[in-house]
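*Asks:* Please find one structure pasted underneath; my questions will follow.
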Ligand SMILES: [K+]
Ligand SMILES: [K+]
């Protein structure tokens, strides 16, 4: 049974995002009406949804086709959308932590002390503080890099824009060709990678890391799982991209830059959506590897999307322990069957939605299957990488992508909360157990 | 801990299949050495593995490049391989039924009374009897169809060959272009569909159906899940193929034949691997739909492959009940968490193996990604549909496909048994529980 308060939270989150998207749509539509290329209402809705859901898929070129005021609207929408997702997801995890008893709460919230309303407010302040410190600190090296090509005013705007866009895992860029002009250097991609990874870990893990480093105690099971899965995905993705695309997408660079660009694409595919190498220049195997990273995505309570590192990690550990015949434990904590079942439900729902999206897109649009599948996966994972067909989609195609972006961001979030907050004990009918052969 | 007897069964099954493949390889190699086109040892190994694992991928044209004696060897290997899989899988389910107590046993074995050795022998006889009756009965209409184009001797051989090949879900064909000449009629595809579906349900479900029809009692949860999932997959697959390929692969036929051919391809993708329509003529979306059917495959204890209908069904029902917040039941039987965890382990292991196979194939072979991915999925699912590159693969590519065929058939089977038969209670270490956020 859903409790009143759980329904209220789901509604608040959904309505909050919907209002933000609606406000953004109207602002973009009116602000750009005097510009040389006015936005259609559908394209304004698309751009607003993409910004609020920090996806980064675009139907118009952000730097060329949007008026300066509209570009400001986009970056504010990204910041509010990114913070909104972090806050909402963290609030959900904290509330869940309350439900599952004192021991769990400590694990979830990394010793933040959010038992009291004032504690929760303190957590929110710290989260905002951390976000702004990261974004401002990263703007400085970005500003220095951009000064080489732009006037100080432009360089400052672009530095702030890319810093916010990267930390929020949005992937929007005001530059022509995005970051493709920066595949030959280490500094800018390095700064962007740090922003993406810290934004994508989730604030609870960051907080946990701070607390544990100071107190020299153990990390929570949640943090261990997030850090392990993130490390494996980033390193594994980079190695696979090097194997598949040394002579393709990554060719023309010396080895250290090949590694740096492979690392960058591996980091960014996990929901940020920037690219230093044009995605269509990658081999099909490379694009497939990117797709896997996109589907898994970032960590819960972060600005990133996807089925989440914890979901993928839980499913993998559960299978591994089942194969080995041992009970499942991460960092000396047993993982409950209910936890695995929830991870499974998230993954199945996610994959079925993506499949439905792909099939609908293929039926409405004339583009090749692989291209449409990539855009659908990218939209649902709020990644925003593209093989280039999004601006050419028909109206039904754009609507499908808009729905995928919204569902991939807000739907999965509120859906998870609804699923977990429900009192499972309410269902009291019991049956005799059976056992069905599999495999 | 593995018990002695469980290890013995896994070894027996693996060694049995390996010996059959080795014997088949030598026979094919020597019998074809005097033929106009002698087989290389690798191609003989490939053909033998494909026949024993009832896959149906070919590196040589069965009808044109194999001597008549070799064709007989192929059909005997298929029959032994198909029966071997059915027997081994059924034996495993019966043994599992014994382990899980009297109530479960009845559910598993559909009232066959296999508590005693004589009961088990009776089950084996019934299974053989059912197989041969189905194959002989179906040969008659096939013979009549083939008489129109061939001499009585050829027609008889082809009728028996296709009947065995279809019931065993092998997909081998002695005809030039397989069954592509029969897309304009109802009879032959209809007979083949009946053979494929009955062969792919698994004998325990067939037996359960017989018993329950006679006694008018309820079906077991296992049978309900198999029948529901099979119906949804066949119907859903056909509808999607009609939607994606009415104007593509299925064009040039009147609507009833379009439906019949869509139904045929939907049935056959679930591990039989025949085709009336050339696979390369399907749209990419159609091929993608076929891939999904291939991965899910047929039912446990049958001649078919894939992750199995029950695995997919359990994962779906578990997610659905998690989303609805109800405990999970099928046909008034509660499904245990352990059962869902095993299904998850099978699916994860299967998908990781296919991904590894695809990546290796892409690194070794120059063909397009989609084509190689389809061959890998087809080999692992022991389906045998092909986009046509298998005969052109290099030696490493052929070895990868051979390993995928063997692992998809024998590996998954013995692996499942090892996993389930293991005494899970042996692991006694307990940890405090934790709960990790997902989604
Ligand atoms: K993004
Ligand atoms: K087959």
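Backbone N, Cα and C define each Cβ position, glycine as well.
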*Asks:* In TrEMBL, one of B:321-342, B:343-364 is tagged transmembrane segment. Which stretch would that be?
*Replies:* B:343-364
*Asks:* May I ask you to indicate which of B:277-298, B:299-320, B:365-386 is given in TrEMBL as transmembrane segment?
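*Replies:* Comparing B:277-298, B:299-320, B:365-386 with TrEMBL, transmembrane segment matches B:277-298.
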*Asks:* At a threshold of under 8 Å on Cβ distances, which of B:12-29, B:72-96, B:277-298, B:343-364 pairs most often with the transmembrane segment (B:223-243)?
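*Replies:* Top-ranked stretch among B:12-29, B:72-96, B:277-298, B:343-364: B:277-298.
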*Asks:* List, by number or range, the same-chain residues at least 6 past the transmembrane segment (B:186-211) whose CB is under 8 A from its CB atoms?
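*Replies:* That would be 82, 86, 89-90, 93, 108-112, 123, 126-127, 130, 134-135, 138, 141-142, 145, 162-163, 166-169, 179, 217, 219-220, 222-223, 226-227, 230, 234, 257, 260-261, 263-264, 267-268, 270-272, 274, 276, 298-304.
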